[in-house]
Every structure is written in structure tokens, then in C-alpha cells.
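Copied from Swiss-Prot, the annotated features are:
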REGION    1-450  region 'GARS'
DOMAIN    114-330  domain 'ATP-grasp'
BINDING   141-203  ATP binding site
BINDING   Glu298, Asn300  Mg(2+) binding site
REGION    451-802  region 'AIRS'
MOD_RES   Ser455  phosphoserine
MOD_RES   Ser458  phosphoserine
Amino acid sequence: MLNILVLGNGAREHVLVTKLAQSPTVGKIYVAPGNGGTATMDPSRVINWDITPDVANFARLQSMAVEHKINLVVPGPELPLVNGITSVFHSVGIPVFGPSVKAAQLEASKAFSKRFMSKHNIPTASYDVFTNPEEAISFLQAHTDKAFVIKADGIAAGKGVIIPSSIDESVQAIKDIMVTKQFGEEAGKQVVIEQFLEGDEISLLTIVDGYSHFNLPVAQDHKRIFDGDKGLNTGGMGAYAPAPVATPSLLKTIDSQIVKPTIDGMRRDGMPFVGVLFTGMILVKDSKTNQLVPEVLEYNVRFGDPETQAVLSLLDDQTDLAQVFLAAAEHRLDSVNIGIDDTRSAVTVVVAAGGYPESYAKGDKITLDTDKLPPHTQIFQAGTKYDSATDSLLTNGGRVLSVTSTAQDLRTAVDTVYEAVKCVHFQNSYYRKDIAYRAFQNSESSKVAITYADSGVSVDNGNNLVQTIKEMVRSTRRPGADSDIGGFGGLFDLAQAGFRQNEDTLLVGATDGVGTKLIIAQETGIHNTVGIDLVAMNVNDLVVQGAEPLFFLDYFATGALDIQVASDFVSGVANGCIQSGCALVGGETSEMPGMYPPGHYDTNGTAVGAVLRQDILPKINEMAAGDVLLGLASSGVHSNGFSLVRKIIQHVALPWDAPCPWDESKTLGEGILEPTKIYVKQLLPSIRQRLLLGLAHITGGGLVENIPRAIPDHLQARVDMSTWEVPRVFKWFGQAGNVPHDDILRTFNMGVGMVLIVKRENVKAVCDSLTEEGEIIWELGSLQERPKDAPGCVIENGTKLY
């Protein structure tokens, strides 16, 4: 009987142990260190060793392997292999299903692997290797017309591949890798700069004995954290196999032009490869033949995760994985049977901890409804640990579990796995809901008749939405506009609005969106407040020019129209129009299947206003040192800085339904979606009385960048932050994200949404008018002569906010 030692503690190792335990030739399986999944398997056969496979523990692992009569070692992760664990066990006569330290260079050094591919004519992107950062930067600056991928040479904890979008990002990537050594000393010694390729990426796992090989089904991984391949890179959020894009002819090409030359090349170079070869490829369309051509992106020298969970689930019942691994380790792979059940497809969905791939909580209790799992489904554990004292399974990592289902076709496997995911419960769990979407994008077109509705566009839904929102739109009527919708546009009568023909009237336009605040609305299901935001961002930009907003048009784009979501959004737009006194005269609702992931939408708005020539703001020529700066309170974060907001929320791993840290009466989602304040009706009286010199709408850039936009270059705004109490929301974000004070001042409004520039003698009249409207007003500071090379706005008492 075989006694096997498996190294690692992820879902990859759990599925390996599960498959190995099915062999009738296996006695005991030891796992170092293992996880909650292996800890709760049959204790008479599967035993966890609380030993991490670090270099410092190699001797101990060797000693215990000898003591427990281990016949085969199966390393899971790459680091033990790169660090030479194979020779540690070979030295005491124990076979290892894994490459030597020399062969592991295929993964350990990207420079080595690129040179190897070049030497053996294996298709890959063109590249250069640099050992000097200045030379690398010079190369990039000389080729700004080309797109590149920049790779740190070593393992770099899986994070050393950067796809820059500008020359500045490229230069910074070189500095991060080679100068500040952010990915480690070894990884930063040299850098690979290679041509950027576009296309479908696929993964192929190949079992190799140094001479012969067996290709497992091709898989496709999903690296990004969010649906639609958005957000940060992860270790992998799901996979499926076989990938339909890998046609039989393409598989033959991959085997003959990539896999076999790799195995033969390694052997001929004196480092025969044993173990599993992971080949990551991209399929690039040949401009001459219009055929997909595979090119190698990377090699790994171990099983991939989560591809392994899907691929090994497709082995047929006659395949004894323990004997396969042993045969490969002993260079006799052709002596054993390996079979794939080619009648089935497999899909794996990773369930992660909230906040992953950044900070996340550990120690949350996991409940698995295993009795409710659909057939042909398994849960493989990764970031888990078993607490024997309480007989509980707890979270202990970012990627917590992998749920894998197989079925007779891919669509059924997808449907099954998402039913199975409902059987997994722990606090703040998260998973992608679009695993395998590329397979259906690439599937052959159906021969049945296709209607416009079949394409994903519902004319009926559009008409129903118009009927739903008509009353909301009518509620925004004002003199000059009837605010009816359904036609080809909207009319506005300036005379009815009070602007006479003999007056010098100018029209003013503004267009804006809501930004990434929309993502939070979509994740929380709160859609009405961002409609107010959309109006506010536009009409506030009109009023700072002295203009009265007259009418508004909105644009709402989505992949699949949800009438309730769109109606909620338009209700917010109508609310904002009522608050600002402008008419909602029309808009566009655009349903574009495939453009946006499920549940996502984008929006934009345009406002048009009018102003008499003599009332145009700012009155720069009338401003002078000594003029007063007044501030009006904001309602919160408004609509700027939400990329930072989301980054901090991910960092602290708070769910949107958690109690709001700065307002316990609300959830976090409700608190952060507080709509932008509209400042129109309260400011128009002072504008018409010509009491104001200028206005600054405090948006992205904060006080320090927005006030200078409203004053002449020779003047400087001095703002004293001790004149108002900064709201708790900004202090909380500053503390939670440890945000530098300069950064937070250039990102958020800090409690002041609008700044007024007023002559000293007009301050009382302006304040009286605003007080009648219920406004909170602060005297923030004043204008002074601007010293040479000094900034346009100086903040005082802004360094002890939190």
C-alpha cells in the first residue's frame, strides 16, 4: 500500500487528497499542513501535519516521511519545488511527483522561461530582458507607441505581472520592481518586458514523466475579483473545463508546437521535467488566416488553482491518480491508464472572504448544507481551519472554498454549481456570478429564428418604463416646459421662464456623471439616491456660473433593462429636478446586451440653464484681497472620491449592510449613498441681487483645487479649517484608510459643498438670505495677494483632523 505525503493547504491540495484517497492502492495520506477540509476527512486514512513546507522545515519533513514510510510525495504549491524539495526526498529514496529545482526554473524565472521558449521555437510574445532599471526605462520611453507587459523575474507571490496603461505607469512599474524591490529582492534583479497580446486565455495541465505526457482537458480561469473581469487580480475566482474554444485542431497545434517541444527541450537541456506542467496560453487571431494561434504566456510547474478542481473532476472512474503520479515520478507514465469522461463538463466557483484580495476577516464560522448539495457536486476547502474544541469549521484565508459541479453539458454544470453555492454560509462571503461566461459568448450561433428580444433588448420593457415614469417626469413641470416624455426631444420657452427677448440672455450647459458611486448603488440595491446625485453634479455646476437651471436630460445605459431599477433611478432624477427647479424634459434609456455585466448600469446627465450677461459668475475683475470666503455645508461625501471610498471599505472588510460607523441609524450603504446636496434655490436670490463675486462647487480635488478655479491668478484663498466641524464621515475614512492629510484634502469636500466669494459689506445680507433657506454657513477665510509660485489655496489647521 502507498503512503503519500501531500504538501500544501489549499483547495488544490484538498481535491488532490480526495482523488488520491479514492485509490485502492493507497494506505495513508499525510498533508502538510492541510486545512479544515483534510482535517475532517476519514482520520484513519488522512492525517494533517502542522508543518508548513518552508525551507526551514525540509529536514523535518524528510525525517517524518522516512518515519512514516512515505512512498510518494506530491507537492502542491510552487515554492517548495523552486526551493529544491524534490532533491530532499530523492536523497532518501522517496519518489516525488514534481520537477527538480533546475526544471522548476520554468516558473521561478520568467527570463529563463522566455529564453527557453526562444531557444526551442515555442510561440510566445516578443520580449527583452533587462538587469538595469535605467536601460529598461529608456527602452520603454523609446517605444511609447507600443503596449507592453512588465514582469518581475521571480515568483513575486503571484503579483509580479503588470499591464501598464501609460508610459508613466510603465516607468513606475520598473521602479517598483527593480529599485524599491516591492516584489522581493530576487524578483527585482531582472525584468522581462514583453509584447502585450489580446485574446482568450486558456490553461492546460499536462502530466509529464520527463519523456511522455498526457494532456488533461483545457480550462479557462477567471482572475479578476468582480463579474465581467473587473477589479483587482486574484489567485482565481473560478474555472471551467473543457473550454469550448479549444477545438480538436487547436489542441493538436498546442500539443505539437508547445507541449511536446517544451518537454523535449527541457530533457535535451539536461533538466527533464517530471510532474504537472501548467501552460498558460493566449489565443491570438492570425491576421492572414483568421485562425486562432496559441502563444505561451507563462509556465507553472504545479497544478493551478482553481483549474485543478474542475479538471480532476473529469477523470473517469478507471483512473487511479495515485498510480498515475507514481508512474510519472518513476518515468513510466505509459504503463498506466489515464482516462477522461468526455461526456461531462465541470465548473468551479470560488467563494471568498469579503475584502479579498486585500484585507479580510478570519475566524468566521462556516456552515455547509451538504445534505442539500445537488448531485455530482463537491466542496473543496482552501482558506479554512477546523476547531476541534467547538467542532466548528472557520474561515482562515481569502479564497475560502471551491464549489465544483459536473454535468452532461456546460450550461447545466453552471446552473448546478450556482445552486450548490447557496449551500455555503459564512459572514461576508463573496463569489463571482458569471463563471464560464466566455464559453457562452464563444458558442456557435443557434439556427433558430432570433428576435430583437432574443438579442437581449426588450422594446416592451422600454415602453413599460416610459409609462412607469411619466408621472415622475410630469412632477418636474415649470414655466417654459411641459415635461412630457415619449417624443423625440424636449422644448423650452425662455419667455415663459421669465427671460425676455430684449434682455442679454446666455444659455449655459453642463454635463456630468456620478462615477464609481454607481458601483455601490448596484451592490446595495439602492438606486434612487444616485439619480439625485446626477442632477446635483450638473445643476451645481450651472449655478456657480450664475445660471438658473431650466431643463435636464438623463442617459441610462444597461445590459438588460430592469424596470424597477430604472424607475427608482428616474425617481431620484425627478426629485433632483424638483429640488433645483428645472424640468426633466427627456432622456435616453439604452439597453445594450453584452456591454455591461448583469445588474450593472451607467448614467450621464446634461443640464441647460440661462443667465443674464451682467449676472455671469465669477466676477474675477471685481475680486480683491480681503474678500470673504463663506462655506455651505455638504450632505456628506457627495459624488467624488468614491474610488478611494471603495478602496477603504475593501480594506476594512465591512459589508454594505453593516451599521454605518458615522451614523448608527443607517447601514453603511445608506450612509455612503447620501445624495449630493443641491445649492440652486438658496443661492439664486443672492445671485439676482448681485451680492456674490463667485462660487466654487467643491467636487473632485477638494477645497484646495476647486476654489482657485473661481478666483484670479493673482489672489490666493486662505481657508481655516478650525472655523467648522469636519463631519465624522471624513474623519472615519481618514482613520480607517490611514489616508495622508494632503490626500484627503485633495479628494473630499471635508463638509463644505459650496464656497461663496463675497465682499465684506455684503456678508450679512448673503448670510441672512441663506439662513432663511435653512442653510448652515461658515466664514472660512478670505482672499489675499498670492505670493509668487504659491498655490491658489492654502489650508490652515488641516493636519490634526484625525
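Using N, Cα and C of the backbone, Cβ positions are placed for all residues, glycine too.
In the three-state DSSP scheme, Asn300 (Mg(2+) binding site) is classed as strand. The most densely surrounded of the binding-site residues Val149, Ala173, Leu197, judged by C-beta neighbours within 10 angstroms, is Ala173. Of all the Cβ atoms in the protein chains shown, 15 others lie within 10 Å of the Cβ of Lys181 (ATP binding site). The binding-site residues examined here are Gln141, Ser165, Asn300; by Cβ neighbour count within 10 Å, the least packed of them is Ser165. Around the Cβ of Glu298 (Mg(2+) binding site), a 10 Å sphere holds 18 further Cβ atoms from the protein chains shown.
Neighbour density for Lys189 (ATP binding site): within 10 A of its CB lie 16 other CB atoms from the protein chains shown.
A distance of 19 Å separates the Cα atom of Lys189 (ATP binding site) from that of Glu298 (Mg(2+) binding site). This prediction places the mean pLDDT of the domain 'ATP-grasp' (114-330) at 94. The separation of Val149 (ATP binding site) from Glu298 (Mg(2+) binding site), Cα to Cα, is 12 Å.
In the three-state DSSP assignment, the secondary structure recorded for Leu197 (ATP binding site) is coil.
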